Amino acid sequence: MTTHKHRRTEKNLCFKQYYKWILCFILTLYFFASFFVDHDQDHRSSTSISKHLLTNHKPKLFASRAMFESKIHDHKLGFTSQQPNIKTDVFNNLKIYVYDLPSKFNKDWLANDRCTNHLFAAEVALHKAFLSLEGDVRTEDPYEADFFFVPVYVSCNFSTINGFPAIGHARSLINDAIKLVSTQYPFWNRTSGSDHVFTATHDFGSCFHTMEDRAIADGVPIFLRNSIILQTFGVTFNHPCQEVENVVIPPYISPESLHKTQKNIPVTKERDIWVFFRGKMELHPKNISGRFYSKRVRTNIWRSYGGDRRFYLQRQRFAGYQSEIARSVFCLCPLGWAPWSPRLVESVALGCVPVIIADGIRLPFPSTVRWPDISLTVAERDVGKLGDILEHVAATNLSVIQRNLEDPSVRRALMFNVPSREGDATWQVLEALSKKLNRSVRRSNSFL
C-alpha cells in the first residue's frame, strides 16, 4: 500500500514537472516569436525610411516614441519644439513653394537690423516662417505646389531724413522679381500669377503709397492684380487698394520684446492707468502737404482729454511704452494715415482692452480672433463721448472683455513666430490660403 502511494506520488510529481516544462517552452517560444516579429518590422520600417530618404529629397517628418516623449518632457520644462510639425491635412493638403530669389530682393536688406523688427516686418517674418515649415506644407518641388510665395522686401529702405520706410522703389522691385520668375520658371505665365503670393505690409497695401489720395490714384499695379496679397490694410467698404485677392494680416510686433515686457511685470501688479495712448497727436492736424493727419481724430482726443486725469496721453516717444500698455485698462487705437495700427496687437498681447477708433477697419483673422469679444469700437465722430463710453463699459461688461483677452489662442494668432507655431499668425495665413485652393493649377488638373 505504501509502495503504491509512493509510486502515485512520483507519477504526480513527474506530471507536474512535465507540465511546467511544457508551459516554460510555450512562453519562451512566444517571447522569441514576438521579438523576431518586432525586430523584422523595425528592420523593414528602417529599410523603408532609408529608401524614402534616398529616393525623395523633400523633407518629411517621422514620428517616434522617443520624439513624442521628448516633446512631453520639453513641454513640462516650459520649452517648445524648435520646428513646427505642420501636416498638410490640417490645411486641405496645401503645398507652398518658396522662390529662392537673388539676395537683392530680400536678404541684402537685412543689413539694417530695423528691417526685422519694425511694424512692417511681417514681410520678413513670413518669409522666414515659410522657410522654417517642416512636415508637408512647404515643398521643394514646384510642380506639386498649390501656391508660390515671392519673397520681396520693400519696407526696409529707411529714409535718412525721418527714419520712416520709403517705399517709392516698391513697384519696380516687385516688377523685377516677377520678370525674373516669369522667365526662369513656367508657373507665373500659366496663370498670370493668380497662384502667386506677395506681402504688402504698408499703410495702403499693394498701392504702395503712404498718402491715401496718392495710393488711390495709383491703385494696385497691373502686374499684381491677379495675385494674392497678404496685407495689413483692410476696410469693410470698396477701396481701390484692396481690389485684389487679399488676406488681412496683423502688423509685426516682436514676440521677444513682448516676452521681455511680460517677464518684467510683477504678477501682482495692478493696472493703474485707466486710459492710455502714446503717439503722434498733432495740435494742428493739417500738415504741410495740406492733408489732415488721422482725420483730426487724434487732435480731438488731445483737445478733449489732454487735461483729464483719467487719460494718460503722451505725445513723445518712449522706448518702454509697452510697459505702459501692460499697466493700462483701456488702450486707444486711433487711425493714423491708415486705419490699422500696431497698437492693436500690442494691446491684445499685453491684456489691455483695445479701443478701436477707425471707421470701417477690417481686422485680421476674424474667424479666430473674435474682435467684438475682446475690444471696443468707437466711431470717429464719437471721440468727444469717449470718456462716457468707457465709464459705461467699466461699469457693465469690462470684466467679461478682460477675461476674453486672457485666451492664449487669441494672442498667439497675432504673433509671427520663427519658426511658426501652431495657431500663430503664419498658421492663420496658411488657413486662409487653404480656402483659396480654387486658384491651384494642381487641383484643377487633378479633375481633368
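Keep in mind that glycine also has a Cβ here, set from the backbone N, Cα and C atoms.
Not measured: the values here are computed from a predicted model.
For ASN157 (N-linked glycosylation site), the same-chain residues 6+ apart in sequence whose C-beta sits under 8 angstroms from its C-beta are TRP109, PRO165, ALA166, ILE167, HIS169. For ASN157 (among others), the entry in Swiss-Prot reads N-linked glycosylation site.
For ASN189 (among others), the entry in Swiss-Prot reads N-linked glycosylation site, with the evidence type sequence analysis. ASN189 (N-linked glycosylation site) has a Cβ environment of 11 other Cβ atoms inside 10 Å.
Feature annotation from Swiss-Prot assigns N-linked glycosylation site to ASN287 (among others).
Per Swiss-Prot, N-linked glycosylation site is recorded for ASN397 (among others). Around ASN397 (N-linked glycosylation site), no same-chain residue six or more apart in sequence has its CB under 8 Å from its CB.
Sequence-distant neighbours of ASN438 (N-linked glycosylation site): no residue of the same chain at least 6 apart has a C-beta under 8 Å from its C-beta. Under the DSSP three-state reduction, ASN438 (N-linked glycosylation site) is assigned to helix. According to Swiss-Prot, the feature N-linked glycosylation site maps to ASN438 (among others).
Look at Swiss-Prot and you will find 1-16 tagged as topological domain 'Cytoplasmic', backed by sequence analysis.
Look at Swiss-Prot and you will find 38-448 tagged as topological domain 'Lumenal'. Along the topological domain 'Lumenal' (38-448), the predicted structure has mean pLDDT 86.
Residues annotated as transmembrane segment in Swiss-Prot, with sequence analysis given as evidence: 17-37.
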